[in-house]
Amino acid sequence: VVCLVAYHIFFMLFVWSYWKTIFTLPMNPSKEFHLSYSDKESLEREPRGESQQEVLRRAAKDLPIYTRTMSGAIRYCDRCHLVKPDRCHHCSVCDKCILKMDHHCPWVNNCVGFSNYKFFLLFLAYSLLYCLFIAATDLQYFIKFWTNGLPDTQAKFHIMFLFFAAAMFSVSLSSLFGYHCWLVSKNKSTLEVFRAPIFRHRTDKNGFSLGFSKNLRQVFGDEKKYWLLPVFSSLGDGCSFPTCLVNQDPEQASTPGGLNSTSKSENHLFPAKPLRDSQSHLLTDAPSWPETAAKSDKGKVGMSNPALTMENET
């Protein structure tokens, strides 16, 4: 009875998280990152080079972006016609920009990003537990198969196949799950491992890392009761992220959000990154941030934040 109850718990959590990973739509950048009609016309009229960058800088002057291209230019998607938020990338399979894109997974036929990354992690965890449970409960019959302790029927070959399938999936899933646990601990995505984010002052592979505890909360949220359930509880809106390099950026004044600072290499004002309430509190107890930083309310769980609305592809 205990094995039967445990089996169905693992199976239901596995199916639930798998379903959420597949059918949760990837989040796209909000409308404020899309170029206006006049900006699009200006960008098309200008020749490629500094003149186009001036149009993009003007369009992005009030946007919370800190990452740049390898040449130091504003990250712009010419297919979606938008200024890319930090950690956003264009998926060639989905043909749209995905917030905090990790990778496009063929096993779930969906992009893994900000909206479903927690579900993907839980899917890996519960599928691993599911396979380990099956392998462990089948082990005694697998041993009897090799010692000729089972009746000579076709069922014994089913037992052998079941054990080998569960064991092999356990090995592959454990390596993949361990890799993504490491990514969460470092606050990185798969794409950022292969190409470190480039900030305005330098390239830094750990620019978004806030420490293990805060990195974990950024994915799973503040409410621990939701951590093991495939319900959305990640912090933030997917468009802006706290970074440990804001105060170290020579072009960014170390002031609380809301105050403008002058860029030395760009002749326009760039506001300090406006963090969502549930994100800004991640930085309040960091020693590198000033004590005068504004305190924020506790982050809310779920899709109650109006910034978390999914935008349909145009």
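Using the three backbone atoms N, Cα and C, a Cβ is placed for every residue, glycine included.
Source: prediction; values computed, not measured.
According to TrEMBL, the protein has these features:
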type     : residues : note
TRANSMEM : 6-25     : transmembrane segment
DOMAIN   : 74-193   : domain 'Palmitoyltransferase DHHC'
TRANSMEM : 119-137  : transmembrane segment
TRANSMEM : 157-179  : transmembrane segment
REGION   : 252-314  : region 'Disordered'
COMPBIAS : 252-264  : compositional bias 'Polar residues'
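Mean pLDDT for the domain 'Palmitoyltransferase DHHC' (74-193) in this predicted model: 92. Within the domain 'Palmitoyltransferase DHHC' (74-193), the DSSP-based counts of helix, strand and coil residues read 66 helix, 16 strand, 38 coil.
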